[in-house]
Amino acid sequence: MDGDRVEIDGGIMEGGGQILRVSTALSCVLGLPLRVRRIRAGRSQPGLRPQHLSGLEIVRDLCDGKLNGGEIGSTEITFTPGKIKGGTHIADTKTAGSVCLLMQVAMPCVLFAASPSELHLKGGTNAEMAPQIDYTVMVFKPIVEKFNFTFNCDIKRRGYYPQGGGEVVVQMSPVKELSPINLTERGTVTKIYGRAFVAGALPIKLAKDMSAAAVRCIRREIRDLYINIQPVREPDDQAVGTGSGIIIVAETSTGCLLAGSSLGKRGKNADKVGIEAAEMLLQNLKHGGTVDDSLQDQLIIFMALAKGVSRVKSGPITLHTQTAIHFAEQLTKAKFTVTKSEEEDSSNDTYIIECQGMGMTNPNI
C-alpha cells in the first residue's frame with residue numbers, strides 16, 4: 001500500500017495547518033492514502049496542535065479511515081481513508097482552536113458522503129489567525145453555496161481565547177457533483193453592514209466604540225452609503241468567557257461580499273479594533289476583486305473538485321492561496337492558472353484565478 005501513498009511535504013510554502021487541511025480533505029474525498037511529513041515545520045511550535053488533531057480525527061471518523069501519528073506535537077502522519085458515510089460527528093479542540101478551521105477540513109468530505117451529516121464542532125468561534133464564525137456565516141456561506149450546495153450553521157455557543165468552549169452545529173446533505181463558479185464582475189458597493197460584539201465581563205460601550213470608530217474610518221473613503229454596524233452584547237448563556245471583536249461586510253450590486261474584521265484583546269483600545277477592521281475592508285475593496293483575502297484560499301478546494309471551469313477575480317494572491325493551489329493540483333487532476341487582470345487600469349493589482357475542475361462525482365449517489 002505504501003507505494004501508492006501520496007507524499008506531502010508539510011513544511012513548504014505556507015508551511016502551516018492549511019497544508020494538512022487541504023491534503024487530508026482531498027485524501028478523504030478521493031480515497032487517496034496519504035503521508036504528510038514535516039507538519040507545520042515553519043512554525044515556532046512545529047507538529048500537530050489540538051486544533052489540527054481534532055480536524056484529522058473528524059475526517060478519520062467521517063470515513064472510517066486509519067490515522068497513524070495522530071498525537072499532539074507529531075510531525076508526521078499517515079492517513080488511509082475509507083468510505084465517507086455521513087451521520088453525526090463531534091470534533092472538540094478542548095481549547096480555543098478555531099471551529100471554522102474544523103469546518104474547512106470537514107466540509108468538502110461531507111459533500112461527497114453517502115448520507116446527510118451533522119457536525120458538532122467545539123472550540124473557539126472568534127479566534128486569532130482564523131476566520132471568525134461571523135465571517136463564515138456572513139461571507140463564506142453565501143459565496144460557497146454558489147458551487148450548488150447548501151448548509152446550515154447554527155451557533156449554539158460562542159467561545160473565546162483562552163478557554164474556547166464554543167459550539168457550532170453544521171448540517172449538510174451530500175451532492176452528486178459541484179458546479180463551477182464565475183465571480184469576475186465586482187459591480188458597485190451597495191451596502192455596508194456588520195456587528196461589533198462584546199461578551200462576558202465587557203461593557204456594551206466597547207462595542208459602540210468599535211462600531212463608531214469603524215464608521216468614521218470608512219466615511220473618509222466612502223461618503224454616500226448608509227453604514228450599519230450593530231453593537232451587540234452576546235447573551236451570557238450563549239457565550240463562554242470574555243471576548244470582543246467586529247466584522248464589517250460590503251455587499252456589491254453583483255452579490256459579491258468582502259469583509260474586514262478584528263478581535264479585541266486586553267490592552268487594545270476599542271477604537272483601534274474598529275479601525276483595523278475598517279482598514280482591512282477598504283484594502284479589500286481597493287483592488288477591485290470579487291473576493292477578499294480571507295475567502296480567496298477557502299474557495300480553491302471547491303474549484304478543484306467542481307465540474308467545469310471556475311473563474312474568480314481577486315486582489316494579490318496570498319501565500320495561503322498559492323499553497324492551496326499547489327496541493328490541490330498535486331492531489332487532483334484540476335489545473336489552475338493565475339493571470340493578471342487586463343481590464344483594470346494598470347494601477348490595480350487584480351488577478352483572475354481560473355481552474356479547470358476535476359469533476360468529482362459522488363460514488364454514493
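Cβ coordinates are placed from backbone N, Cα and C, and glycine is handled just like the others.
Taken straight from TrEMBL:
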DOMAIN    13-338  domain 'RNA 3'-terminal phosphate cyclase'
BINDING   Gln104  ATP binding site
DOMAIN    184-286  domain 'RNA 3'-terminal phosphate cyclase insert'
ACT_SITE  His320  active site, tele-AMP-histidine intermediate
| Same-chain residues at least 6 apart in sequence whose Cβ lies under 8 Å from the residue listed as 'ATP binding site' | Arg21, Ala25, Gly55, Gln298
| said: Looking only at the domain 'RNA 3'-terminal phosphate cyclase insert' (184-286), what is the model's average confidence as pLDDT? | reply: 97
| message | For a quick check of packing: other C-beta atoms within 10 Å of the C-beta of His320 (active site, tele-AMP-histidine intermediate), how many? | response | 20
| request: Could you break down the residues of the domain 'RNA 3'-terminal phosphate cyclase insert' (184-286) into DSSP helix, strand and coil, giving a count for each? | output: 36 helix, 37 strand, 30 coil
